[in-house]
């Protein structure tokens with residue numbers, strides 16, 4: 001596999017996907033510190049919002065320490081070369097949120113839907129293109145759909161005006177062959193000028209391998225996070241990705257040592273717990289469960305005595321997807337009742 005001479009855009013997730021393990025409680029000072037470090041390291045694109053995107057502040061997803069407006073207006077003026085992106089999930093974020101982000105200086109908007117529901121993105125993608133934004137269609141939980149199905153969804157988003165399509169391994173479930181099959185099919189179906197991206201999670205330790213597989217079949221935008229800070233076992237660790245790319249001759253424009261220092265000196269100290277592949281994060285990848293479900297499952301374990309691993313396996317069996325966070329507690333309660341019927345003791349917290 002020779003990828004020498006290829007150029008990719010590394011897109012940072014530390015300040016957006018990294019909000020999940022922080023329970024959306026990053027301070028403005030932490031945002032400023034990490035963002036300026038990433039900018040100085042040469043990272044060209046940095047995503048900044050609530051973990052669930054613009055408008056994510058809610059009972060269902062969690063209330064952040066600050067509003068999206070505060071985070072964006074704090075970070076954007078400090079950037080010397082990096083551009084700032086925002087995530088938007090139709091049904092959570094609105095056109096008004098999109099306009100707010102544009103007015104604050106967000107250059108890239110990523111409109112995210114479940115991998116079978118691209119049709120709900122039409123209004124937001126069309127509006128973003130009308131405003132002249134770099135507009136990305138972001139197909140989540142892509143392991144749950146065939147390559148042929150993803151092609152149809154990607155073509156819809158491209159037709160609405162998206163100039164880049166992302167195939168997103170939200171559960172960290174895919175293996176390199178899965179990535180190649182899906183992304184190569186989508187790459188062949190899209191217009192040559194439409195860019196292709198990949199967003200990975202490290203639940204099966206496949207973040208780097210999957211990202212390289214994506215580049216091999218034509219992806220030129222790759223998501224990663226410093227020290228892997230993100231949902232589950234985290235995103236593809238950026239400092240490792242950049243070092244591997246340097247070894248392989250893939251051009252990222254990111255300084256190998258500066259991004260290591262950002263990860264080690266700025267991101268690791270702000271972690272509330274180590275981002276690693278523990279048994280529950282591994283279960284996310286093994287069972288194909290949405291990454292941000294992890295902390296919800298751990299909280300349900302503490303409350304109802306149902307092991308998080310067993311709960312995650314059940315959520316995977318039921319095919320739960322992002323947006324169904326409220327069903328995690330419901331599923332835990334159902335499992336408690338079923339066990340009590342069978343005479344099993346379940347320790348429910350008062």
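Start at 1 and count along the chain as shown; that gives each residue its number.
Including glycine, each Cβ sits where the backbone N, Cα and C put it.
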Figure out which of 17, 39 sits with 199, 201 in the Mn(2+) site per Swiss-Prot.
17
Taking Swiss-Prot at its word that 16, 17, 170, 199 bind substrate, choose the one of 286, 290 listed for that site.
290
Calculate the distance in Å between the alpha carbons (Cα) of residue 16 (substrate binding site) and residue 201 (Mn(2+) binding site), and round it to a whole number.
14
Do you know the mean pLDDT across the domain 'Pyruvate carboxyltransferase' (8-260)?
96
Cβ-centroid neighbourhood (8 Å) of the Mn(2+) site, 17, 199, 201 excluded:
13, 168, 169, 170, 172, 200, 223, 225, 230, 231, 235, 236, 291
Using DSSP and collapsing to three states, where does residue 170 (substrate binding site) fall: helix, strand or coil?
coil
